[in-house]
Amino acid sequence: MKAIIVKPPNAGVQVKDVDEKKLDSYGKIKIRTIYNGICGTDREIVNGKLTLSTLPKGKDFLVLGHEAIGVVEESYHGFSQGDLVMPVNRRGCGICRNCLVGRPDFCETGEFGEAGIHKMDGFMREWWYDDPKYLVKIPKSIEDIGILAQPLADIEKSIEEILEVQKRVPVWTCDDGTLNCRKVLVVGTGPIGVLFTLLFRTYGLEVWMANRREPTEVEQTVIEETKTNYYNSSNGYDKLKDSVGKFDVIIDATGADVNILGNVIPLLGRNGVLGLFGFSTSGSVPLDYKTLQEIVHTNKTIIGLVNGQKPHFQQAVVHLASWKTLYPKAAKMLITKTVSINDEKELLKVLREKEHGEIKIRILWE
């Protein structure tokens with residue numbers, strides 16, 4: 001079958017025919033691939049920059065792709081022929097308690113597999129076989145934006161985790177019982193920053209997006225339709241602090257030099273949460289004893305945010321459907337481009353490089 005393969009830790013990517021018998025199979029349901037999503041993780045693997053990416057045992061290549069929508073070929077165990085489905089990409093170690101109850105996002109051994117990334121073949125191939133417990137149904141009404149359910153699942157889990165952490169505060173809701181008075185700063189306005197903004201606004205929190213430039217057309221649409229605030233941070237964050245004050249939640253969605261944290265930690269308010277989502281690959285954070293004392297004395301929390309599981313995929317499906325009503329203009333702009341699997345030149349280009357203003361590029365299997 002045709003597949004997109006990589007050979008981590010080496011850079012490079014190929015579209016080639018491979019022997020199906022040499023590829024990982026995960027169950028009995030045959031799924032024909034319709035769409036794959038491309039994200040920063042894929043590009044880091046393609047460009048040889050993701051050090052945690054490893055080959056499946058005994059193999060010299062890895063099928064790329066952890067974002068996919070496919071169609072069920074034969075009815076089986078609650079799934080009907082023709083159903084659209086999305087696979088959950090992280091699979092448990094089979095040892096620790098969290099993995100045994102379907103939560104490998106909290107794997108205690110670190111021996112989990114991640115399709116298309118770590119130890120498991122991914123879904124950038126013509127078809128694959130899977131287990132029902134790792135499949136989420138995608139309504140045909142959101143087929144146009146459904147590929148976003150995978151990255152959105154990670155954001156669903158992240159916000160769920162933040163809200164769970166904030167239960168440590170006796171009262172974190174506002175005087176009307178909502179979260180409408182809580183302020184969030186989302187640093188970084190790429191695909192992840194946009195999804196964080198949309199979901200925080202859906203929950204009712206007040207949001208500021210920040211980047212070192214003016215917003216793109218897509219970002220401007222999100223800002224206007226969700227009534228989000230925007231701050232150009234090219235000259236630092238002093239003006240934001242003076243005009244808005246401190247924030248209840250700060251999200252680092254930049255994936256940029258980690259030095260950015262030194263600029264935003266002073267913006268975090270009492271009892272606040274700093275959520276780290278982006279994977280920085282350079283820099284260091286200057287933390288003196290006074291900053292650490294303040295973190296302790298004012299009950300601040302710093303938390304790593306990663307990987308949604310099946311419940312979060314299901315929540316993502318619901319929210320994507322709701323955004324087509326709540327934020328219809330933004331929803332229509334979330335898929336930046338669709339590239340045919342048969343257009344190899346363009347395909348290899350988008351697998352290597354992010355396009356300006358990109359939210360999500362998807363591959364169409366024809």
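Using the three backbone atoms N, Cα and C, a Cβ is placed for every residue, glycine included.
The NADP(+) site recorded in Swiss-Prot comprises Thr189, Gly190, Pro191, Ile192, Asn211, Arg212, Arg213, Phe277, Gly278, Phe279, Leu305, Val306, Asn307 together with one of Lys133, Lys137, Lys140, Lys354, namely Lys354. Per Swiss-Prot, substrate is bound by Asn89, Glu114, Gln150, Asp154, Asn307; the candidate from Thr33, Thr41, Thr202, Thr254 named for the same site is Thr41. Binding site for Zn(2+) 1 per Swiss-Prot: His66, Glu67, Gln150, plus Cys39 from the candidate set Cys39, Cys93, Cys174.
Those same-chain residues not listed among Thr41, Asn89, Glu114, Gln150, Asp154, Asn307 yet with C-beta within 8 angstroms of the centroid of the substrate site C-beta atoms are His66, Glu67, Arg90, Ile117, Pro151, Ala153, Gly308. According to DSSP, Cys107 (Zn(2+) 2 binding site) sits in a coil region rather than a helix or strand. Looking only at the binding-site residues Cys93, Cys99, the densest Cβ neighbourhood within 10 Å occurs at Cys99. With a 10 A radius on its CB, Leu305 (NADP(+) binding site) counts 24 other CB atoms from all the protein chains.
On its own chain, Cys39 (Zn(2+) 1 binding site) has His66, Glu67, Pro151, Pro191, Lys360 as residues at least 6 apart in sequence with a Cβ closer than 8 Å to its own Cβ. Within 10 Å of the C-beta atom of Asp154 (substrate binding site) sit 22 other C-beta atoms, taking all shown protein chains into account.
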